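Feature list (source: Swiss-Prot):
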DOMAIN    18-131  domain 'EamA 1'
DOMAIN    199-310  domain 'EamA 2'
TRANSMEM  10-30  transmembrane segment
TRANSMEM  37-57  transmembrane segment
TRANSMEM  66-86  transmembrane segment
TRANSMEM  103-123  transmembrane segment
TRANSMEM  133-153  transmembrane segment
TRANSMEM  170-190  transmembrane segment
TRANSMEM  204-224  transmembrane segment
TRANSMEM  240-260  transmembrane segment
TRANSMEM  266-286  transmembrane segment
TRANSMEM  292-312  transmembrane segment
Amino acid sequence: MEISKYKAVLALVMLQFTSAGVALFTKAAFMEGLNPTVFVVYRQAIATLFICPISFISAWRKENKPSLGVRGFWWVALTAVIGVTVNQNAYFKGIDLSSSSMACAMTNLIPAVTFIISIIVGFESIKRRSMKSVAKVIGTGVCVGGAMAMTFLRGPKLLNALLNQDNTAWLLGCFFLLISTFAWSLWLILQVPIASHCPDHLYTSACTCFIATIASFLVALALGNTHLPPWKLDSFLKLSCCIYSGFQLAISFFLQAWIVSQKGPVFSALFNPLSAVIVTFFGALYLKEQTYLGSLLGALAIILGLYIVLWGKSEDYQEESTDLKLENEHNTSSQSDIVSIMIGDKAFRSSELLEPLLM
């Protein structure tokens, strides 16, 4: 078989390895003294410097220049504050206080939390007689139960049992990771109004990164990082961690956008547990992170719940894709397919995703 058929799979596997690398890299840098809040500023700034020139060149080559408008700008600003600034600060503070394996396991809660928020805001409805709708509810419950087990039912130590860890710091770290999960889910929800104001995904992402950099810098100052010492990258590990994480953030955007355009959002989410497995193994091996029976069982429950939710979501995506195909058959003026990105039962479309994002 041609290897081109497996490009999306290879890209997703690579993305999971790079994401796992960020979790492990940052935990090691935090153990050496890197401030998580300062790290977020550096990461966002590097990602912005990478994305903005590409966005400018892409917009310059188009006949219809992208524009957000006043309302679109406020939606992007809200996304930058909640979905990026709050999300990343909470996520990396959670890694600092708990472990990188816990952080990666918690990210598997995102589809379930997004499902809950989608119901609240009206993007999703529960069909009692639909098996897949019931599956989404059951999967969400399993995910929540797994998260509670990871947080409170730690159980006996399986790896690195001789090391001690502060229980209060662990619980606080889990709390920050849950905040990050909700902020991440809100970021997904907010893509709907943003796309309705400006369908240029690259342009809106560049704007989001730029605003998030400013917001993250203000948060860092507000938390007391007003002197030079916290901002010094006085070791190779700290410097390389910031550079690697910044480029990974920028590159992951291109990979995710391309994968969604090829295979859809459900396919992309199926690979999320891979990073948790990678981080758990290497975290215990190199960072001496403690592994608990309760945490391991909770992580397995979250992964099980994730796949149950995704099985239920697959019907929504398939139905929407079928409707779009029928619509495109009757639309003779359109020469390209339209990709639907599902958020709940509703979708927003972006033909921009069909542009060659990976060269």
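Placed from the backbone N, Cα and C atoms, the Cβ positions cover glycine too.
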Mean predicted confidence [pLDDT] for the domain 'EamA 2' (199-310): 83
Among the ranges 10-30, 66-86, 103-123, 133-153, 170-190, the one whose Cβ pairs under 8 Å to the transmembrane segment (204-224) are most numerous: 66-86
Winner by Cβ pairs under 8 Å against the transmembrane segment (103-123), considering only 10-30, 133-153, 240-260, 266-286, 292-312: 292-312
Beyond the flanks of the transmembrane segment (133-153) by 6 or more, those residues with Cβ under 8 Å of it: 102, 105-106, 108-109, 111-112, 115-116, 126-127, 171, 174, 178, 294-295, 297-313
DSSP helix/strand/coil residue counts for the domain 'EamA 2' (199-310): 91 helix, 2 strand, 19 coil
The domain 'EamA 1' (18-131), counted residue by residue under DSSP: helix, strand, coil: 91 helix, 0 strand, 23 coil
